[in-house]
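Okay, structure first, notes after.
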Amino acid sequence: HPPPVATDGEEQKRLLENRPDQPQEPKVLRIAVIGAPNAGKSTLSNQLLGRKVFPVSKKVHTTRCKARGVITHEDTQLIILDTPGLTNPLKAKRHNLDEAMLTDPWDSMKHADLVLVLVDVSDHWTRNSLSKEVLKCLSQFPHIPSVLVLNKVDILKKKFLLLEIVADLTEGIVNGKKLEVKSAFKQDSSSSAKSPLQITQASPPESKVPGSPCGQEKNQAQEGSGLDRSSDVGGAGTGEAQGPKHYGPEDLKDMKGWPHFQEIFMLAALRGEEVDTLKRYLLMQAKPGPWEFHSNVLTNQSPQEICDNIIREKVLEYLPLEVPYGVTQVTDIWEEGKCGELLIVQSLLVPRESHKRMLIGRGGKVISRIAREAGQDLMNAFLCDVRLKLKVEVK
């Protein structure tokens, strides 16, 4: 089980400063998770970690800073760099986002050994091409191996569309080899979308990487998957292809996808489907190197930051568009109660009386729902009882 986050800021600080308790031959992998705002990056990061430490909400730009998640498994440490959605200066201005939101994803890329590019396949406006920002990011760091993750596959009614999406997002090439796409759908109605997609590569079968989702795990995934899909597109050889060339702005203009992905995964992060297959793959990609954190560390965020982010997530979730971005949070009380429970009292300061009414809701319904749900999430992160009280005031 993943370790809980310390409820005491000083204790968390000590943990972060502790020397890593690494084994004799440690392995490490730093993973940047990038994608358009709201593709599900934080949801996927939380599922990989096994505890909720990153805020998630349907509204864009819930993730405001680059936080790290740490998975320690036997001799391997995975460090997840959960980044704000890649956006451009114009949109950043519209959402009143600070400068860091534009630079943080780029910053994470500089430290990454592997990039996960997350695409929300349920969004029919954006699913057939990578955003210009994502392509720009990949083209700036062509030497860093990248993996395509198709998220929210469970929401996609017409599973055969995945073939088209894969072809578009990879420009028809995965791991230096051309994709041969065959559809194995039966036409009769009884099979609906249960029959598998087959996406194979024009390459000799014996060159499969052991443990890659295209190798022996394919059949297990086929049986055990709650998704209506059979196999991921696997990396065939060990990358005999030449390294990616450098792309200039002119090249990117006509590109919809990225022809240098090493693997493709299809999953439903919210339901946790197929997340383990991805996690196994990530553990296998780790290279020898020193751990960065003690094995008891789950995130580099302070307990206070986790608390603020989770409350903010709920405020974003339940209030109309422009309101949440103007809320200021002030923690009045953070202490341990008589029975070891954590007592938190936080004031939410809003600029207008009308915002205060919205946040409280009729009969206090909205604010009590926010407090209840945030309290449950905090229990999950800290693994102790949490009593959370929220007050709303006009600043």
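Placement of Cβ uses the backbone N, Cα and C atoms for every residue, glycine included.
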Seminar exercise, completed: TrEMBL feature region 'G2', matched against 61-65, 126-130, 271-275, 276-280, maps to 61-65
For this session: Could you break down the residues of the compositional bias 'Basic and acidic residues' (10-24) into DSSP helix, strand and coil, giving a count for each?
Result: 8 helix, 0 strand, 7 coil
Exercise. What same-chain residues lie close to the compositional bias 'Basic and acidic residues' (10-24): Cβ under 8 Å, and 6 or more beyond its ends?
Worked result: 74-75, 77, 290-297, 300, 302-303
Problem set entry | DSSP-derived helix, strand and coil totals, residue by residue, for the region 'G4' (151-154) | 2 helix, 1 strand, 1 coil
